[in-house]
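Input: a single structure, listed below in structure tokens.
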Amino acid sequence: MAPSAISTSPPPTDRVSSSLASYKGYDHVHWYVGNAKQAASYYITRMGFKRIAYRGLETGCRSVCSHVVRNGDITFILTSPLRSLDQVDRFPPEEQELLKEIHAHLEKHGDGVKDVAFEVDSVDSVFYAATNNGAKIVSQPRTLEDDNGQVRVATIQTYGETTHTLVERGSYHGAFLPGYRMETGVEDPISQLLPGVHLNRIDHCVGNQDWDEMDKVCEYYEKALGFHRFWSVDDKQICTEYSALKSIVMASPNEVVKMPINEPAKGKKQSQIEEYVDFYNGAGVQHIALLTDDIIRDITNLKARGVEFIKVPDTYYEDIKVRLKKAGLTLHEDFETIRSLDILIDFDEGGYLLQLFTKHLMDRPTVFIEIIQRHNFSGFGAGNFKSLFEAIEREQALRGNLV
């Protein structure tokens, strides 16, 4: 189904966007978690990531620890505090502030995404264009250095307590960043016993907002970061009997970075967006979509590794089969295999996408992962939103949150 609200406006051509046409894609996603070692183990054992870098006591970092894992070009940093709040006075001011920040983030949000980092050609041009147009500074541009070269970084604020770090790698040839011990080649023994998961890159990263906050956030991306409105749907298109939402996808000038922004809309009961904002205690990253070139292989293997996905009712496939036949569209993949794996299908006259969503990654019903495969289709599954919402509402009802 082609979304009826795709933006027809071209990317902005003012001085902001011209300074920002240097986005290269997502660099990494930084999570604050209660136990980084265990969280890293989850992504390694369940989702086929590999350990690539570490920072902690053994590297001279006495206040926090970080485990870095990667699958394809998808990199997650998982960071935890090593000390309690009553011990912060032992550390220099910068480390004190970091410890306080992590503890406060965990107390307020639970495990969640703190930073979505973008790789850029020039940190300085993106940073100063952003800050000159209203972006809040978290950290000024600075250069990190080790034997593998230099990396330039800077950080700005986005919605809620989430941030965007800008990363300029230049000729740096280390596995991750200066300050981390490289662990490439460190193979988890369990990887020899489990089927492989071969993901490509981050496709998009979705942020949930509270009531009436979406437009303000989108305007911030337009003004400060030079993004443009790539795609949008309203509550008439994304609704069930009980709940609804609105969504606008913001894209970088060259469209290599896409950041969908959601907000709740009026319905009979609490929507999944309201549930998220309630349990996350504010705006934040709802899910990260990971692109694959073989979703059947990867969903099959993720399920074999124990990853839990939402369940799609059989009636969905009876309906989609009729719609596909009417449109004269033939899938490259076997339809019955797609049905058996609960994979969702959306399409238009040009192509189609296949997607499936995990259940929430933690006990708080906040963050989850999407696995997505695209066949000449740049949309975001508008045709699946009703089925997806209904599946999520069934989970909400089990949690007692569909009220």
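Cβ coordinates come from backbone N, Cα and C, glycine included.
In Swiss-Prot, the Fe cation site is described by HIS287, GLU370, and among HIS204, HIS228, HIS332 the residue recorded at this site is HIS204.
Non-local neighbourhood of HIS287 (Fe cation binding site): CYS205, VAL206, PHE357, VAL367, PHE368, ILE369, GLU370, each in the same chain, at least six residues away, with C-beta under 8 Å from its C-beta. Counting residue by residue with DSSP, the domain 'VOC 1' (25-169) contains 47 helix, 64 strand, 34 coil. All protein chains shown were included, and the count of other CB atoms within 10 Å of the CB of GLU370 (Fe cation binding site) stands at 22.
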